[in-house]
Amino acid sequence: MTPRTTARTRPRWAAARVLRDRDAALYLAAVVVSGFGTSALWLASGVWVKDLTGSDGLAALCALALWAPALFGPALGATADRVRRRPLLIAASLLPACLLPTLFAVGSPDTLWLLFAVLLVYGAAGVVHDAAESALAAVTVEPGLLGDFNGLRTTANEGMKLVAPPAGAALYAAWGGPAVALLDAATFVLAAALYAALRVREAPPARPAASGRLRTAEGARLLWGHPRMRPLVLAGSATMLCAGVNGAAVYAVVDALGRAPTYAGALYAAQGAGSVLVGLVAGPALRRLGGRRFAAAGIALLAVAVTARAVPYDAVALLSGAAVGAGLPAVLIAALTAVQHETPGPLLGRVAATANSLLFVPNVLGLAAGAALVDRIPPHLLLPALGLVLLATATAVVGRAAADGATEPAGCPPGSPDRPLDQPGPPPGSPARPTELPDPTTPVPPPRPTEQPGHPPGSLTRPTEQPGHPPGSPGRPAEHPGPATPGSPGSPDDAALP
């Protein structure tokens, strides 16, 4: 660890540094724009179906249509590893932009099939989009700032959820569902323009040697076998399952307060405010605590908040709503940042999509389970039971973090530049950096005559450096010529990116 690296990757106001980075700022702007349109359509589509049919069940199918493609996340995410990622982001934005105007044809129950078909394609494009975005961000944003970037991304998403649904509802009330669809299409076009402005150079991915099925499974195998990613993703899955049950109980909580159903909007607003706040502090918290401790702290806060919702007082309900919003995103941010740090570049699209499926599909299952439970178990019993499950999850995560901490090297506290997240390895561009290794499914060239016996090219025990020359030194420019800063001219990241 050098002082220069420490100064560069641990600024006092890291979030401001992310916003000053041109490409990171463009990413976040695209998230804000497209998130606004998506949140508006999410609400309006259900209201639209309800108005046309009067059926609550058919209205709920809108959310199912949007979420269903996440079940195929590993296969859809493999697309992000087969093509260049910036053009894929642009295409994944323009596809729904082209389809949404067709919803002007929806005007009766007989034409609702078109709405559901568009929502399915919309959801599939979203899965591909998220995988490509995570993969490209991992090599565009400095490794030490990925936690800050993901936190700001959460803040942007949750902020849009506070303002977009009311705006979408107002637009729907004034001009109907097609107007909301047109607004969403316009936001996707603007997001595509922002992605097109990214200054990233990508080389075409290498032609895979393995079949599509084997390449799709490779991401799941890596995720499941990785000692640092798997605990966070599994903890996130359990947390999101409980969060789904908690979300299904919101109207039971409102009834216990003696309020009208519209009071749920106040609880959602408090929850969104908590999520915005945790997104702003996520980067510094990750650097100080490390990924697992940060996740465990968030899950523990969520456990306390869910339990407190059983207390039938308005002030407690609002405070616990804000605490739910602050606690829930912590494990998601920690898991996504771990995936970006730990995954080899050629596999990042598949691994990110698999992780997203494992994190978010349980939320849908939890909503379905919660809908069945809330009519049978009163909230003052159901919510404390959920709190105990969440507390056990937090205990398991922090226990594993403590065990790992006993083996940490001296001088590398959690989140330091030499150990950005639970010892993920060297920064991009260094010889041993996992993201610079070739895709394991592609053929490996035979050893060169100059290699030392017993050490294949690029092995971690012999990182191909010549004796006496540290990585990247002027005395050995041919092997690793560029600087270690992602996205800087001439760096290895630029050679592999657009």
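Residue numbers in this text run from 1 along the chain shown.
Note that Cβ sites are derived from N, Cα and C of the backbone, with glycine treated the same way.
Keep in mind that TrEMBL annotations are predicted by a computer and have not been checked by a curator.
If you check TrEMBL, you get these features:
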COMPBIAS  411-431  compositional bias 'Pro residues'
COMPBIAS  440-456  compositional bias 'Pro residues'
COMPBIAS  481-492  compositional bias 'Low complexity'
REGION    405-498  region 'Disordered'
TRANSMEM  24-45  transmembrane segment
TRANSMEM  57-76  transmembrane segment
TRANSMEM  88-106  transmembrane segment
TRANSMEM  112-128  transmembrane segment
TRANSMEM  232-254  transmembrane segment
TRANSMEM  260-282  transmembrane segment
TRANSMEM  317-339  transmembrane segment
TRANSMEM  351-374  transmembrane segment
TRANSMEM  380-399  transmembrane segment
Other parts of the chain folded back onto the transmembrane segment (232-254), taken as Cβ under 8 Å at six or more residues beyond its ends: 223, 260-261, 263-264, 267-268, 291-292, 295-296, 299, 302, 306, 309-310, 317, 324, 328, 331-332, 334-335, 338-339, 355, 358-360, 362-371, 373-374, 378-379, 382-383, 386, 389-390, 393-394, 396-397
Cβ pairs under 8 Å between the transmembrane segment (260-282) and the transmembrane segment (317-339), at least three: yes
Tertiary contacts of the transmembrane segment (317-339) (same chain, 6+ residues out, Cβ under 8 Å): 134, 146-147, 150-151, 154, 158, 223, 228-229, 232-233, 235-236, 239-240, 243, 246, 253, 257, 266-268, 270-279, 282, 285-286, 291-292, 294-295, 297-306, 308-309, 311, 348, 351-352, 355, 359, 397, 421-422, 424
Outside the transmembrane segment (57-76), six or more residues from its ends: residues with CB under 8 Å to it: 42, 45-47, 49-50, 112, 115-116, 119-120, 122-124, 126-128, 131, 216-217, 219-220, 350, 353-354, 356-357, 360-361, 364
